[in-house]
Amino acid sequence: LTFPLLSVTLLVSFGSSMLYGYNLAVVNSPAEHIKAFYNTTWSQRYGHGLGPAPLTLLYALTVSIFALGGLVGSLLVGVLVERYGRNGALSRSALLVLLAGSFMGFSRELGSPEMVIIGRSITGLHSGICLSVVPLYLGEIAPKNLRGFLGLMPSIFICLGVFSAQVLGLPELLGKDRFWPLFLSVVVVPASLQLLLLHCFPESPRYLLIERNDICGATKALHRFLGSPDVQDVIEEMKEEQRSLSSMEVVSVWQLLRDRSVRWQTLSVAVVNAGMQLSGIDAIWFYTNTIFENAGIPASQIPYTTMGTGAIEVVAGLIGCFTIERVGRRPLIITGFCAMGVCSAGITISLLLQAALPWMRYVSVACVVGIIAGFCMGPAGVPFLMTAELFMQSHRPAAYIVGGSLNWLCNFTIGFIFPFLQMSAGAFCYLVFCGVCLLVALYVYLVIPETKNKTFMEISHIFA
């Protein structure tokens, strides 16, 4: 593990992945302040306030528009990484955050709820690009024995982003009514740092050699990342992959979906990415305060309880990162989904028994913690890492578009319908998440092989 390799991993994880986690959770604590701003602005414009249902709908749109932006961003990944490379796509996408931060930061001064919604959609666009490009970049620059460790580093920063939003959202910090525009626009700080420093690191060697046929540039990049003068073995492995793809250009999404030789890889990416969001984790992150309020936690304790769950998810992410190369990908992701499924059922049971047994509220909190810990140990980062590992260079961008699109589409679905699902189904809504988690765990157990310490060519042969 060389200094340049670790540095660029920390930089792109801090400047991109952390923003995804931050934006997932940032709308949780200022929800009432933002709703009050919407209501006041509506009254000033039209002479009457919004009713509970329209206000819930408008706020649900504010929360879930982030995922629609992410969906658009994931569809652009293939074009961006082919034209600008992995490093170049990440550098340019940071400009989107500066634009989004400006919209959200000045929204109250200009009396415009639309600016909040537009800013959220632009941050989603940025996250949609980076959520695919960061693991793609790290997966291609990392040696095979470090791919798991470096590949899960972004998931730790996603957890850190969620935790940062929970800490800054405390009433003693930016959780006050007058600070919520600043709270939403803090994202410009990590993005600016990435914009300033990322150009100091080279492009992906695999991209340079296989797609641009730049052997000299790839060799220099390998020297920098690996810190070794002898990189001939890695160059030869890349050339072998290049030769195997010599008659094949980078495939489109439609070609990927029609290619029978990679149908199980494609199906696996679709199942794991959709399952990751339909597991209910985004409902936990978007509406943590509401969930704890329904569980009977006193309002004064909710921000600190939420912050405690954030600290636990960071610890769980670290455990996953440092154990993935020892235990492998499959055990982590299977264990994570099983834990989430059991804890989702636990929430339902605890809410149903809460009237008779008041102490069950603490079981609800423990189950929420279990869902978050299970997610951060495996499902948070392994699907993106597996997408890089299951496909050859020619299919990888299209695979990230498929996985990313499903990821964001399911993210939007959960973010938008969960408040209404909770109102209609009550405690039983968590059983849906339980079923999804257990089915995904079963699929991974039956279909997906272990990819630890294997080259991309070896993994391709296993599926073949």
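Note that Cβ sites are derived from N, Cα and C of the backbone, with glycine treated the same way.
Features as listed in TrEMBL:
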DOMAIN    9-452  domain 'Major facilitator superfamily (MFS) profile'
TRANSMEM  57-81  transmembrane segment
TRANSMEM  93-111  transmembrane segment
TRANSMEM  117-137  transmembrane segment
TRANSMEM  149-168  transmembrane segment
TRANSMEM  180-201  transmembrane segment
TRANSMEM  332-353  transmembrane segment
TRANSMEM  359-386  transmembrane segment
TRANSMEM  398-421  transmembrane segment
TRANSMEM  427-448  transmembrane segment
Handout entry: the transmembrane segment (398-421) versus listed stretches 117-137, 180-201, 359-386: most Cβ pairs under 8 Å
Key = 117-137
Practice task
Restricting attention to the domain 'Major facilitator superfamily (MFS) profile' (9-452), give the mean pLDDT.
Solution key: 84
Handout entry: Maximum Cβ pairs under 8 Å to the transmembrane segment (359-386) - stretch from the list 57-81, 93-111, 117-137, 180-201
Key = 117-137
Handout entry: Contact yes or no, the transmembrane segment (180-201) and the transmembrane segment (57-81), 3+ Cβ pairs under 8 Å, gap 6+
Key = no
